[in-house]
Amino acid sequence: MMTNAAQITKQRNSGKRHRACERCREQFELNEPYFLLGASSWHMRCFLCAQCMDPLVGTTYFQFENRIYCEHDFKTLYAPVCAKCNEFVIGQVVHSSNNSYHLACFTCDECNVHLNSQIAYRYQGTILCFLCNQKKPKMRIYNCNKCKQHVDNSDLLTYQENPYHAYHFKCTTCKKVLESDARTIKDDLFCPRCFDFKCEVCFDCKKVIDPQVEQSIFTMNKHWHTDHFRCATCARPFFGHEHYEKNGKAYCRDDFLELIGHHCFICDRNVGGGMVHVFGKAFCPECYRCRGCDKVLHYKDKVMELDLMPLCKKCLGNKTFQKALKYKSL
């Protein structure tokens, strides 16, 4: 990797074959100025960033794997980010516990002593020198089952009942290096994002149902959080109680009867399938009575119509009732 090491020279008539541009492969004209970078040559117009194609003449540039980049694109594509100052690391880099640091930033988080010549200790997400680590209250110590080194809680991944540094593993699906929040399905490890893709989604809240920590129910050909499977009208969860379906929605008994039933002509109650339908009206069993004697009728009883109300056979043959009815009609 080189920066600003190119020289501007001119094609001379030496009798040898003219140089060719590294980008366009065209030869340089006689006395044409060009960039000479190591063993490669470039037209002035072809000396561009391989990523954004911006001109690099007069700017800071980097050569990496025989390609040239502007400073911004090189940092974005290849430069690590310091875990302490969050700036790009150009030049010497220190790697520790799956993080990168500037040499000057690799210091103890307590006393700021440089850690370049001593062992760094991880403690609850911080980096400490030996003395500062000794002052901290001791917690349960885990040693990685793979590298046998100490595992800080922030890096701890328990897999098959053994402690590991999480960064020793990669996601089964996307191959991303795992962190301590990795999830397990059978013996396979996944990052949280890929784990979510393996889970069902609640039809009500549209969020992932975590089968390892959340209860769910499968009904109406859909998955639900247990407390999200509820009546479409009153929103009370069913929690395993009986529900009724209509047009793809679930209802409790009261709201279902309200939705599909008929109201009693007398008391205005809704009793669903127990209603008696006669003369264009609906009656609940308690209100289905004779218009004449107020006797409770059975739905199989033969009745006659009087003012669009039921009249029992006995009242119809009663002479006293017939006289009263005749007098009323006068």
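Even glycines carry a Cβ here, placed using N, Cα and C.
So that you can see what the record holds, here are the features copied from Swiss-Prot:
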DOMAIN    21-73  domain 'LIM zinc-binding 1'
DOMAIN    82-132  domain 'LIM zinc-binding 2'
DOMAIN    144-194  domain 'LIM zinc-binding 3'
DOMAIN    202-255  domain 'LIM zinc-binding 4'
DOMAIN    264-315  domain 'LIM zinc-binding 5'
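Secondary structure of the domain 'LIM zinc-binding 3' (144-194) per DSSP (helix as H, G, I; strand as E, B; remaining residues coil): 9 helix, 18 strand, 24 coil. Residue counts for the domain 'LIM zinc-binding 4' (202-255) under DSSP, split into helix (H, G, I), strand (E, B) and coil, are 6 helix, 17 strand, 31 coil.
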